[in-house]
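Student: Summarising the annotation, Swiss-Prot assigns transmembrane segment to 3-23, 42-62, 86-106, 108-128, 184-204, 217-237, 249-269 and lists sequence analysis as the type of evidence.
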């Protein structure tokens with residue numbers, strides 16, 4: 001398959017799945033298997049196009065970030081708490097990620113692990129949706145520190161490919177009584193430091209390939225994938241918050257279970 005077409009397809013997969021509770025990393029791993037791509041060749045590409053999804057969050061919520069930034073300059077309590085909560089949620093996965101990244105990549109990056117994680121995550125969403133009590137709408141700067149730390153600890157589960165970073169953080173938030181819209185937006189905002197950190201770490205680990213031009217794919221493919229990921233992720237963010245505020249997360253749970261089961265069957269028959 002043409003590399004530009006491959007870049008477009010993977011950009012669509014990344015943009016569609018990054019902020020939905022279905023695991024973008026898991027879907028990229030399965031897409032690589034399904035279409036027969038060279039996983040090593042496209043590994044760096046899959047990391048870099050996540051920056052397109054990050055940019056989508058910044059564009060969608062730039063007014064929020066501007067207001068928080070101005071509030072920080074004025075030392076406003078709500079803006080200080082916003083930053084405190086974001087850092088408190090980011091730090092657990094940053095520490096654990098640095099400590100365990102190489103082991104997780106080696107031991108848990110297989111398609112079968114992704115499938116089982118999709119199924120387990122789907123069941124967890126159904127259980128949490130059934131039993132979690134919805135809190136009152138509130139902003140991230142109004143959440144107590146313990147809830148922010150809890151969301152950060154939940155994010156650590158997403159180091160297993162197929163669990164889903166957004167799924168883990170949103171479900172962790174719901175389990176602690178945070179209402180759906182705030183849970184989703186907290187997950188979006190938390191993606192920025194988390195994904196920037198992960199991408200920076202990958203780029204540093206692969207700096208020789210970057211400088212030597214041996215990344216496996218060219219800058220044109222990366223540019224196309226980045227742009228497609230950005231556009232698709234922006235559309236998903238705008239639709240997702242409104243949808244889950246009304247309908248909840250059960251459809252994503254059933255999708256995860258079905259996708260994991262079908263993929264397991266396909267892997268077994270290859």
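Glycine too: its Cβ is placed from the backbone N, Cα and C atoms.
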Student: Of the listed stretches 3-23, 86-106, 108-128, 184-204, 249-269, which one has the most C-beta pairs under 8 A with the transmembrane segment (217-237)?
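Tutor: The stretch I would name here is 3-23.
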Student: Please give the sequence-distant neighbours of the transmembrane segment (3-23): residues at least 6 beyond its ends with Cβ less than 8 Å from one of its Cβ atoms.
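Tutor: Same-chain contacts beyond the ends: 31, 35, 37, 42, 45-46, 49-50, 52-53, 56-57, 114, 117-118, 121, 125, 158, 161-167, 170-171, 187-188, 191, 217-218, 220-222, 224-237, 240, 249, 252, 255-256, 259.
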Student: Do any residues of this chain, six or more beyond the ends of the transmembrane segment (184-204), have a C-beta under 8 angstroms from a C-beta of it, and if so which?
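Tutor: Contacts with the transmembrane segment (184-204): 18-19, 44, 47-48, 50-51, 53-54, 57-58, 60-61, 85-87, 89-90, 93-94, 97-98, 101, 140, 143, 151-152, 155, 165-166, 169-170, 173, 178, 210, 237, 240-241, 244.
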